[in-house]
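Report on one structure; see the data block that follows.
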């Protein structure tokens, strides 16, 4: 998105889970407002403050909004499985017998030590995805299957990477005191020494643990041994939690309480005194029904004692390979109710509010209160109890993480954006493009749509000839069509105009085309029936995506061929994709439970006569170009620091004196990105270079100018996206008048502007790459940034690749709008060429992403070669994000994967996403 999300979720029921509220804090007929990833309002919709009236509105259809679910106790990162132990237990072996036979935790230790960090991440992601699919937004992940320093660190790093791979918050817990590794030969004291003197200091130094845990049980560690670990954790200022009283009562609950632990978990054998101690200390009881069920325990945790004492209770999956291979918090809630006799309210609070409390993050999440993170789960249920009582049923409609609606494994898109034709902002259009959300026209516009349709019906029934209603098309406009043939005329129009060639446009482009067509028709000047509108809306909601070939439009009279293919699917002809399968239009509609529409007078013409394909392609290019432009400022700052360049050219007054807004914004961004760099401070004095080359010194002037024309193109395209562009139009006085709004010249010019900006951003980025690999220009860096030049070629050919991509973009940047050719027997004798002018932007921005990705690799490596000097805090975050995907270059290696990964980090917004808010310039100035 171009800016932080500002969204109002309307027509909802909200379970706030506020602590003192009864009945889950349920509010009927409610609204929830998100701004900058935080909740700013949660209450009755009829009391919604006026200040939020301009925010984007999403109609939740009376669905239930709860806090995002939180799994507060998992061992999600593990290698392999222990299915053989499951078979042993079925034969009667106890937990202790399995452990003493070399199984249990020690078995998982062997597997984890043999796995790489990448292996662990790869194996864990499907388990995490299963949780996410049920509305989970926060997951705690414990180590404890490495049991040596390197393996425990590897496990925790893999856990942290999960939060980079998926849109979910990860809390990591160091569980070194989980079991005694076999190499210790039974010497628990020596192993605890290693935990507190070797593992914990290294983990604390790297900031890898949000908490420290231990397993207090006879088969693991006794209370005095756990106390040593907790004392060490306290010295490192890390909170603690404890596996306690699962198989016997060693008074682990009381021990946890005495240290003010965040939680004590399992607790089957906890007594009333332990429950009271936990309540007094504020230690949460985390109950794990999956383990209780899986190993067929007979002693239940004392839920009644916890209630009586006022101990807070949470629920968690305890996902682990041996005793609870469970990846469903919904099933966990059901188990909590049926096995432990918890109430519905206790179960739901146990995976939201109390789970957040158990992780020490209740001030951030877990309830729907003002100021907290906008982590939400939206459910298609009538009663909250349905979350608890059903088994194997997932009613999740949408998951919202940090204010952004995130896709999940279900294919149906359930959230709907409500569009107000004529005033749909760029932010909403980008959300439709990037997130694939379905849309609907605001019902307030239906009356105008129906009024225009009624007027067209009157004209069709009359005697006067009106273009496209009772005449032929284009050069055949003089031919009168009989009233009985009007429907056939519209159908023939669609079929005859399906002349597209080439590969299908991508789903996100087609969705945007359909949304733009809704906006245009929704203005009430096109004369289509409401049935046409509702079919497009239903196709977007159900996922019926017409197959539109990429080529065939000259950008006037509208995008005829592409939009004819869109309309063909609507009438049961042509082809469409449904859930990824390419089908006939009729079959795709049928599988989605939809029926083809029979087009009435003018409807076929209204659907195909418009600029929506060109505009959608240009908008996609704009959104991609803007993200790349923001990232180019980051990589430009990296390159400047790597080359020990000066930040003096970025001084604010220089840019204020010239006055261009883009230049001012670009200069400010570069200046802020470099702020605090030790590399820069190291050459403030005594640097004999007077000026840097233009590619570093003139970044604000070049990238700022590019930003300005992107913003100009954005204004043009926002207007066009809200325009009525078919022909003829039903005017406010009821007349149907022919005009030329279908001519896409404004879109063609905007596409050319974007192409020029993309070309120039890549050109100056490529010159910075060339500077860094040239030892005569890079101020002390080795040739091609190779650590052993000659033996290694370093980034030599990566720079060549960037040059090739730059040159290709120069060729494609030639203006498309200066071309024209007459068509339709010279009736349509000047055309815009907007469609292919916009379509080329997809390839150009892909090339630009690759160039900037190469600059990221080059700049990051150059900065690393300046060690022990360090770059700024902002740029260090960028390097860390890059290194999470691409290791630093020590020796020559296969480079194509590195370049691909770096380009993806540019394209998906990862690199720009780590920069603090407010530094990088927005598209809407």
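Glycine residues also receive a Cβ, built from the backbone N, Cα and C atoms like all the rest.
According to Swiss-Prot, the protein carries these features:
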BINDING   73, 75, 243, 318  Fe(3+) binding site
BINDING   73, 75, 243, 318  Zn(2+) binding site
BINDING   82, 145, 178, 246, 323  4-imidazolone-5-propanoate binding site
BINDING   145, 320, 322  N-formimidoyl-L-glutamate binding site
MOD_RES   557  2,3-didehydroalanine (Ser)
REGION    1-414  region 'Imidazolonepropionase'
REGION    415-925  region 'Histidine ammonia-lyase'
- Message: Cβ atoms within 10 Å, counted per site: which of 73, 82 has the most, among these binding-site residues?
- Response: 73
- Residues near residue 246 (4-imidazolone-5-propanoate binding site) by Cβ (under 8 Å) yet at least 6 apart in sequence within the same chain, in sequence order, are 217, 266, 267, 268, 269, 291
- Other than its own, how many Cβ atoms are within 10 Å of the Cβ belonging to residue 145 (4-imidazolone-5-propanoate binding site)? 30
- CA-CA within 10 A of residue 75 (Fe(3+) binding site), subset of recorded positions 82, 145, 178, 320, 557 in residue order, equals 145, 320
- residue 320 (N-formimidoyl-L-glutamate binding site), DSSP three-state class -> strand
- One of the recorded positions 243, 320, 557 has its Cα closest to the Cα of residue 178 (4-imidazolone-5-propanoate binding site), namely 243
- Item | Distance from residue 82 (4-imidazolone-5-propanoate binding site) back to residue 322 (N-formimidoyl-L-glutamate binding site), taken between C-alpha atoms, in Å | 5
- Can you tell me how far the Cα of residue 243 (Fe(3+) binding site) sits from the Cα of residue 320 (N-formimidoyl-L-glutamate binding site), in Å? 14
- Task: Please report the number of other Cβ atoms within 10 Å of the Cβ of residue 322 (N-formimidoyl-L-glutamate binding site).
- Result: 25
- Item | Alpha-carbon spacing, residue 320 (N-formimidoyl-L-glutamate binding site) to residue 82 (4-imidazolone-5-propanoate binding site), which is rounded to whole Å | 9
- Message: Nearest by CA distance to residue 82 (4-imidazolone-5-propanoate binding site): which of the recorded positions is it, out of 73, 318, 557?
- Response: 318
- Determine which residues of this chain, when 73, 75, 243, 318 are set aside, have a Cβ within 8 Å of the centroid of the Fe(3+) site's Cβ atoms, and list them as they appear in the sequence. 74, 142, 265, 266, 288, 291, 316, 319, 320, 324
